[in-house]
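This report refers to the structure that appears directly beneath it.
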Amino acid sequence: MRGRAKSLSWLLTVFLPAGGLMILITRWLWHSRHLLHWDSVQFALAMNQFDVSQHQPHPPGYIVYVYLGKLFQLIWPDPNIALIILSIISSVVAFCLVVLLVQRWFGKTAGIIAGLLFLTNPLVWFHGLVAEVYIVEAAAALVVVWLADTFLRTRHQKFLWWMIVALGALGGIRQSTEVVLLPLLVYVLVTGGVWRQMAWKVLAGLAAVNLIWFVPVVTMSGGLASYLTALWRLTRATISDEYGLQGLVGLLITNFAFTMQILRQALLPGLLILLLAVLPFIAEESKKKYRIDWSGVRFWLAVILPGLLIIPLILVKNSGYMLTITVFLLGLVAAAIVLLARVVGNWRTRYRTPIAAILTAIVLGFQSWAFFALPVRAFYYVSASINSIRTIDDDLDEVMSTIEKNFPPNESAVWVTGDYVFFGQRHFQYYLPEYDVYTVTPKSFVDYPERPIWHVRGKNVSDFSDKLTLTGNVRYLVFIRQEIFGPADDYQQIVKDAPDAPLAYYNLDDADTREFLRNKYNNYFVIERD
C-alpha cells in the first residue's frame with residue numbers, strides 16, 4: 001500500500017508536471033500561424049457573432065467550445081491564438097488524465113508509458129497545435145471516462161452525477177461524442193447496480209444539462225425553426241453528396257479505409273503490439289497463467305467499441321474524428337507493452353525492462369517520424385504532421401499577401417472555388433476583410449439553390465444573390481488558378497511578381513475579356529461596364 005502511494009506521489013509531483021511542461025513548450029513552439037481549417041474560421045467568426053443558421057459555427061453548434069475560446073480570448077485577443085491556447089491546455093488535461101487512468105488500471109509503468117506515447121503521438125500533437133475542437137473533445141471525454149471508472153470503484157453517487165454533468169457538457173463541445181459515450185453510461189448504470197432506481201433520474205439530469213447549452217444555441221440562431229432548417233440542410237447536403245454519389249456500401253468502404261489510414265499514421269506499431277499482447281491469453285501453455293479480466297474488457301469495450309462502430313458510418317474526412325479513440329487506444333498499447341515485458345520477464349527476468357524499453361522506443365520513434373516526416377498528402381486527406389501545418393500556413397501567407405499587394409480592394413473581386421477546406425470562402429473572408437469575396441452557395445446553406453452566389457465582406461457582411469454583379473469600378477476578378485469553372489483559357493493572366501502563387505485573374509479593363517466572360521459565364525456574372 002505504501003509503495004503504491006509512493007508511486008502515485010511520484011507521478012503527481014514529478015512525471016505529470018514534467019510532461020505538462022513538455023506539452024506547453026512543444027505545442028507553443030510549433031503552433032499554426034493561421035486558422036487551419038474551414039471549421040476553424042467558422043469557430044473564430046462564432047466568437048464574434050454566434051449564429052448556427054449562418055454556419056458560425058456550422059450545425060449542430062459547438063457553443064461550449066466557442067465560449068471556452070472566448071474565455072481565453074480575454075488573455076489573447078486573436079481568435080486563432082485563443083483557440084490554440086485552449087487546445088494546449090486541453091492537451092495538458094488529457095495527458096494527466098490518460099496517465100492517471102492507465103496507472104489506476106494497469107500500474108505505474110503503464111501510466112508512464114501511456115504518457116510518453118501521448119506526448120509524441122502525431123494525431124495528439126497535431127491537434128494540440130491548431131484551432132480545432134478535437135483535442136478539447138478528447139479531454140472532455142477523458143473526464144467522463146475517469147468519473148465513470150471512479151463511480152464503479154467507489155459506488156459513490158456523486159461521481160455518477162458529475163459524470164452526467166461532464167457528459168452533457170461534452171455535448172456542447174461536440175455532440176457526436178456524447179452520443180458515442182452513451183453506451184458507457186448504460187454500462188455504468190447496469191454494472192453499478194443502479195439501473196432500475198437511477199435510469200430515469202440520470203436521463204432527466206442529462207437532458208437538463210444538455211438544455212443548458214442547447215437553449216442558447218437555438219436562441220442565438222434565430223429560433224428553433226431557423227436552427228432546425230440549418231441542421232436539416234447540412235444533413236441533407238451531406239447525404240446527397242456522399243451517400244448519393246457512393247451509395248451506402250461504397251461510403252462505408254471509403255470511411256473504413258480512411259479510418260484505417262488515420263490509425264496507421266497514429267498507431268501502426270502500437271496496434272501490432274496490441275495484437276501480440278492477445279497471445280498470452282489464448283496460447284495453451286500460458287492462458288491459465290494470464291487470465292482475462294472480463295470486467296476490464298467490458299469497461300474498455302464500452303469506452304472504445306461504440307466509436308469504432310459509429311464513426312465509420314459518418315464522414316471520416318478529418319483525422320480529428322479518430323483522436324478520442326486514439327487516446328484511449330494509447331492507454332491499451334501501454335498496458336500491452338507492460339504485459340509483453342512481464343511475459344518475457346517470467347522467462348528471463350533480466351529481459352523484462354529492456355523489452356518494455358525497446359517496444360516503447362519503437363512506438364515513440366514511429367510516432368515522431370510520422371509527425372515530422374510525413375508529407376502533407378500522405379493520405380487522401382491532409383496528414384497530421386508538422387509539414388501540413390507549415391505548408392498550409394505558407395500557402396495562406398502567399399495567396400493573401402499576393403492579392404493585397406497586387407489588387408486594390410475597391411477595384412477587385414475575389415472568386416473562390418479552391419480547396420473548400422483550406423482555401424475556401426471563409427479563409428478569404430477572414431484574412432481579406434476589405435475585399436468582396438464570392439463563391440457558389442454551398443448546398444448546406446439555407447439559400448441554396450434559390451440564390452446560388454454567396455458574397456461576404458469581412459466578419460459582418462454575408463448575403464446571397466442570383467448572379468455575381470461586377471460593378472463599374474471592378475477592374476480585376478481574382479481566383480485560384482485554373483479553378484474557376486474549368487481549364488485555363490486565353491484570357492486568364494498570372495500575377496507577374498508571384499508566378500508560383502496559385503492565383504490568376506481576369507483584367508476587366510480589357511473589352512475582349514469582358515465579352516468572353518459575358519458569353520461563357522453569363523449564368524454566373526453580370527458585368528456593368530460597356
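Each residue, glycine too, has its Cβ placed from N, Cα and C.
Database features (TrEMBL):
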TRANSMEM  7-30  transmembrane segment
TRANSMEM  81-102  transmembrane segment
TRANSMEM  109-127  transmembrane segment
TRANSMEM  133-152  transmembrane segment
TRANSMEM  159-190  transmembrane segment
TRANSMEM  202-231  transmembrane segment
TRANSMEM  266-283  transmembrane segment
TRANSMEM  295-315  transmembrane segment
TRANSMEM  321-344  transmembrane segment
TRANSMEM  356-380  transmembrane segment
Quiz prompt | the transmembrane segment (7-30) and the transmembrane segment (109-127) contact flag, 3+ Cβ pairs under 8 angstroms | solution = yes
Quiz prompt | seg_contact(the transmembrane segment (266-283), the transmembrane segment (109-127)) with at least 3 CB pairs under 8 angstroms, min sep 6 | solution = yes
Quiz item: Who are the chain neighbours of the transmembrane segment (133-152) in space, where the CB to CB distance is under 8 Å and they lie at least 6 residues beyond its ends?
Solution: 39, 43, 62, 65, 68, 86-87, 90-91, 93-94, 97-98, 100-101, 104-105, 124, 127, 159-160, 162-163, 166-167, 169-170, 173-174, 177, 181, 184-185, 188, 191-192, 299, 303, 318, 320-321, 323-324, 327-328
Self-check item: Residues from the same chain, set at least six apart from the ends of the transmembrane segment (159-190), whose C-beta lies under 8 A from its own
Solution: 60, 62-65, 68, 133-134, 136-137, 140-141, 143-145, 147-148, 150-152, 198-199, 202, 205-206, 208-210, 212-214, 298-299, 302-303, 305-307, 310-311, 314, 324
Quiz item: Do the transmembrane segment (321-344) and the transmembrane segment (109-127) come close, with at least three CB pairs under 8 A (pairs 6 or more apart in sequence)?
Solution: yes
Quiz item: What else in the chain is close to the transmembrane segment (202-231), if you only count residues 6 or more beyond its ends and a Cβ gap under 8 Å?
Solution: 50-53, 55, 59-61, 63-64, 160-161, 164-165, 167-169, 171-172, 178, 185, 189, 446
Quiz item: Which stretch from 109-127, 295-315, 356-380 shares the most C-beta pairs under 8 Å with the transmembrane segment (81-102)?
Solution: 109-127
